[in-house]
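*Asks:* After the structure tokens below, expect a handful of questions from me.
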Amino acid sequence: NAVPSDIQMPKAEYLRLRASVAKQLDYEWRQDAALVQLRAQLDALEKQRRVASDEAYELKAKIDSHRCEDGVGLHAGSFPLAPNAGIMPSSGPGQFLPQADGLFFISIEPTPINCELDVLKVAMNREYYFTGHSNGFVSLWNAADNSFVRSFREHTGRITGMHVQGNELFTSSTDRTVRRWDLSSQTCRGVLDDHGGPVTCLDREGNRVITGCQDGIIRLWDVERGIAVNPLRGHHGPVKALKFQGDVLVSVEWGHAMFWDLRTNRAIKTLRDEYGGINCLDYADGMAVAGGCGGDLTVWDIGQQTGDTVSAHDDDILCVQLVGKNAVTSGGDHKIRMWDLAAMKSLGVFHEGHPYECPSFVMEGKRFIAGEGQFLKVWSK
């Protein structure tokens, strides 16, 4: 403990300084030892990763080379599409395996597009994806590279419906208007504003546009003149959804579906959903499907005058679309499912978007788009 002869300082101060240096050296040694231990752990984890990666490549090679009993390989290119099947879901979008009791699906991850606003409605054509938002904006996205093109900002209320046909887009809003957009010039060609309340839904076929309203009135429009020509009165509450094909229109309010003959503009049948309210609807070729509160999917065959219901989701059904003899549904349980309507059974979960719900989706051919939170998700293979 003696002070070295070449150091001129009191002994007590020297001892304190020496103790401090020793403590610092001990700390640095411990740090070095911890670093060595962490490096050893990292090396071990890296070795495990390499082993797992090798196993994954071997498994993928086995899957790619495996052949089913009928000689069809389990790779996406070997799966011919069934007529009008489009993209079919299970754990992910895929394609039919012909002449099989069940279905095989190839999982495909979607491409997310950040819209920076909650996506309420979606639509698409060959050139664009369209997203409708709560602030009234309608955004256009390039379908070739998913890039942002522009936003239409004329609506002042939440977007409630979109329909694209040819070179025109129609949008409805809680601001009581429907706007007609020319996609070539990307300008508004006209406004349908003779509504008695917020517009809740719209549909278009050919030159006919039909809208549903919060006031319970369905309006058929002369688009060129911008006037409603044949209001249909029969609902006692807000029209939640509507769809028409040819001269048959189906519309729903809480717990009721009405079928209209557009040749006479009269209701021909009213059906009651015994299981609760109806949120969404689709109709084609004499078949109507309705998604209800509580997750029930109801199917009506108009020609056979029959109906059936299946428990489809653990929460409200938010959107439904007919795809041939099947249906696709999204629910408040964050899942998108597909259904065999002939057997009234699930074909599996197409996509699970937890924690986001999907209020709107569109399936068309080999493309599927869905709004989830602030994202538009695109499946295009």
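Placement of Cβ uses the backbone N, Cα and C atoms for every residue, glycine included.
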*Asks:* Among 35-62, 231-258, 259-286, 315-342, indicate the range for which TrEMBL gives the feature coiled coil.
*Replies:* 35-62
*Asks:* Take the repeat 'WD' (192-231) and find every residue of the same chain, 6 or more past its ends, with a Cβ under 8 Å from one of its Cβ atoms.
*Replies:* 157, 160-163, 165, 170, 172-180, 237-246, 249, 251, 253, 260, 262, 265
*Asks:* DSSP helix, strand and coil counts for the repeat 'WD' (310-349)?
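*Replies:* Helix (H, G, I), strand (E, B), coil: 0 helix, 26 strand, 14 coil.
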